[in-house]
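Engineer: Feature table excerpt (Swiss-Prot):
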DOMAIN    5-70  domain 'J'
ZN_FING   124-201  zinc finger
REPEAT    137-144  repeat 'CXXCXGXG motif'
BINDING   C137, C140, C189, C192  Zn(2+) 1 binding site
REPEAT    153-160  repeat 'CXXCXGXG motif'
BINDING   C153, C156, C175, C178  Zn(2+) 2 binding site
REPEAT    175-182  repeat 'CXXCXGXG motif'
REPEAT    189-196  repeat 'CXXCXGXG motif'
Amino acid sequence: MSKRDYYQVLGVPRTASEDDLKKAYRRCAMKYHPDRNPGDAAAEAAFKECKEAYEVLADTKKRKLYDTHGHAAFEHGVGGGNAPDMNDIFGDIFGNIFGGARASRRGADVGYMVELDLEEAVAGVERQIQIPTLVECTHCHGSGSEDGHVETCGTCRGSGQVRIQRGIFAMQQTCPHCGGRGVIIRNPCKVCNGAGRVEDHKTLSVKIPAGVDNGDRIRLSGEGEQGPEGVPPGDLYVEVRVREHPIFQRDGDDLHCEVPVRISQAALGDIVRVATLDGEAEIRIPAETQSGKLFRLRGKGVRSVRSRTEGDLYCRIVVETPVNLTAEQRKLLEQFEMTFAGEDARKHSPKSATFLDGVKSFWDRMTS
């Protein structure tokens, strides 16, 4: 199974201190803990991923191994303490039936998170990102040997696999002598310590398509970690996180916003201008509009990244109570209020009428 970079999982830089790691793990654990997300398989998987990342990075020796060799440091039991991936186990046993496990090996996948403004997510954007990765050691040219000399493993004869007979079953598994590499290095490279790869950073240009949303992932084939002994590199997965917008809330391809209006506008009707992602639009508010009324502007939402259809913009009216009144404004409002004296509230205030009817019905039931 492809694994994300442990630092990316916890959301910390590679220079993070022990306290930073502990705080990041606590946040992650609280967010994805199964007790907080009952029945959520995705949250359970994320919790296990956070736990695995912290167990490695919180251990000084394991962290040093991981920083040098990446996930490869813990494959096939190397590094100690970590349980092997079940997919790797079955790959060791049955891999050669389908062409050999060693032939299918490649570098680890890498995860990266990019934050966008809503406008960038809607319109699409090109971003330059710098990612930590493992690349071929230029000192030994990936051989892992200081003098360039490697010996073919005598146990597996260079295949990286050994055949084991268990009763009537013959199985293939990773060679315990060379760890699946197929070669023995007597004089390890002083730069990469025999790994054949070193840690580096590379800058990539990522084109993020219009319409992406929170959690969407973009796959860049072959931009992950370089595999050992020249095998193909893994992939890079760029995950999108969209920042909160001060005006709009996104729901799929639709957008929602609140439009404040004055009492007089709501009572008498008016035309108000509202912001959209591509400028402004007008809403005609009829007289006697109540707070909470929704108006839909078709096609003013987000263009879907998959179907290319456009969502809508829903504007919710919020009737505001005026503040900081002048003496004259207060006097006019008092005069306006006096015009309701003796009037039935049901005539002018439909919600008040409903409320009063509910109160009366409640007390009638209580006293009957």
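Cβ atoms here come from the backbone N, Cα and C positions, even for glycine.
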Engineer: Please report the Cα separation of C192 (Zn(2+) 1 binding site) and C178 (Zn(2+) 2 binding site) in Å, rounded to an integer.
Structural biologist: 17
Engineer: Restricting to CB pairs under 8 Å, which listed stretch, 137-144, 175-182, 189-196, is in contact most with the repeat 'CXXCXGXG motif' (153-160)?
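Structural biologist: Per the Cβ count, the answer is 175-182.
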Engineer: In whole Å, how far does the CA atom of C137 (Zn(2+) 1 binding site) lie from that of C153 (Zn(2+) 2 binding site)?
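Structural biologist: Counting only the Cα atoms, the answer is 22 Å.
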Engineer: Just to verify a number: CA distance, C156 (Zn(2+) 2 binding site) to C189 (Zn(2+) 1 binding site), in angstrom, no decimals.
Structural biologist: 23
Engineer: Taking all residues of the repeat 'CXXCXGXG motif' (175-182) together, what is their mean pLDDT?
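Structural biologist: A mean pLDDT of 81 is what the model gives the repeat 'CXXCXGXG motif' (175-182).
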Engineer: In whole Å, how far does the CA atom of C189 (Zn(2+) 1 binding site) lie from that of C178 (Zn(2+) 2 binding site)?
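Structural biologist: Their Cα atoms are separated by 16 Å.
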Engineer: Looking only at the zinc finger (124-201), what are its DSSP counts of helix, strand and coil residues?
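Structural biologist: The composition, in the requested order, is 0 helix, 35 strand, 43 coil.
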